[in-house]
Amino acid sequence: RPPCAMDWQVLTRELSLYLESQVRVGFFGSGVGLSLVLGFGVAYACYYLNSIAKKPQLVASNDRFCRFLEEYCPVVTETYYPTIWCWEGRVQTLLRPFITSRPQVQYRNELIKTADGGQISLDWFDNNDSSHYPDASTRPTVLLLPGLTGTSKESYILHMIHQSETLGYRCVVFNNRGIAGEELLTPRTYCAANTEDLEAVIHHVHSLHPSAPFMAAGVSMGGMLLLNYLGKTGRDTPLMAAAIFCAGWNVFESVESLEKPLNWLLFNYYLTTCLQSSISRHRQMLGKLFDMDLVMKARTVREFDKQFTSVMFGYRSIDDYYEDASPCRKLKSVGIPVLCLNSVDDVFSPAHAIPVETAKQNANVALVLTSCGGHIGFLEGIWPRKCTYMDRVFKQFVQAVFEHGNKIFSM
């Protein structure tokens, strides 16, 4: 054989022996492999600690409110460590419903009538086994408002109830009309701007337990609705305080963000189909007033709102509806202590639309802004099955209000 052929055979044999030894020893058994892994790990850890894990920004003009939060709700001043392999906003938003557990909750359902002849479904968690508050008449009550197409079955609602249960509190979930299995008795559903149903629910719950401390927590559209209610009522509400999570502050900016190609693909189209699904069961009732075939052709939330929501509630245009639905316009009128949690990487509520300057002008408002968390994400821990950062903020703030609220109500 020619010398070059021999050299090639030797080289091939040596390479084969080397590869076989690496497979036997394993990648981590080789000095080079271990060094690469360690190097990458150290680099990633440095990046994570320097750029990802950060303390939230606390925005509040009232020093007493700030001191109250620092003492009784310290989680809002501590570093938030997002799940190290899942910290980007879109990924957190997409994975949370699949990763987090679903605590078992036994509800008692109640249907209440509305002035226009409709009905609202309330799901109660009475917590009658509460050892902290055995007297039902004075047991603190938390009203929970889910998101746009959410109900009492959402995992984030179940976790809030689980947190409240450990503290001895009672919860009641306000399900928007027509989405919790009950029938529509009138051709009307719900929107973020119209607070009539929420006002009816708050009055009803308070009338049942007038001596019980009472507050509310809203998530996403539920938070927007709650803010719009508070902006309308000022101090004239039986609620002691409120917690707002992931509200879309400016609806124009929210829908524009959701219409960017990637966000439309990941969120907007799916959310639109959920909205359509929520009304399709009531097609016979709603068909009396709407061209349901046209509504079902919508491919974005904006199109759905243009053909359905804004028309249902009598707005001249979708712009008029979005203007009225944006809580940033009402924040200055909020008259009770409100804690609002947002992540600046939430595509549903862009960072530049969060009303930081307006919040500074109202002593009742505190914003907590995290660098990561997405929309109702806030995952933390290596395998984030249970408690999220949002759950911890909820638990500490609710407990702070019910147990130490007198320290901020004199603000």
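Placed from the backbone N, Cα and C atoms, the Cβ positions cover glycine too.
Note that the coordinates shown come from a computational prediction; the quantities given were computed from them, not determined experimentally.
Feature annotations, courtesy of TrEMBL:
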- S220: active site, charge relay system (ACT_SITE)
- D346: active site, charge relay system (ACT_SITE)
- H375: active site, charge relay system (ACT_SITE)
- 140-381: domain 'AB hydrolase-1' (DOMAIN)
- 25-49: transmembrane segment (TRANSMEM)
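Mean pLDDT for the domain 'AB hydrolase-1' (140-381) in this predicted model: 97.
A Cα-Cα distance of 8 Å separates S220 (active site, charge relay system) from H375 (active site, charge relay system). Remark: H375 (active site, charge relay system) has G89, Q92, T93, S220, C246, S343, D346, V347, F348, S349 as non-local neighbours, by Cβ distance under 8 Å and separation of at least 6 in sequence.
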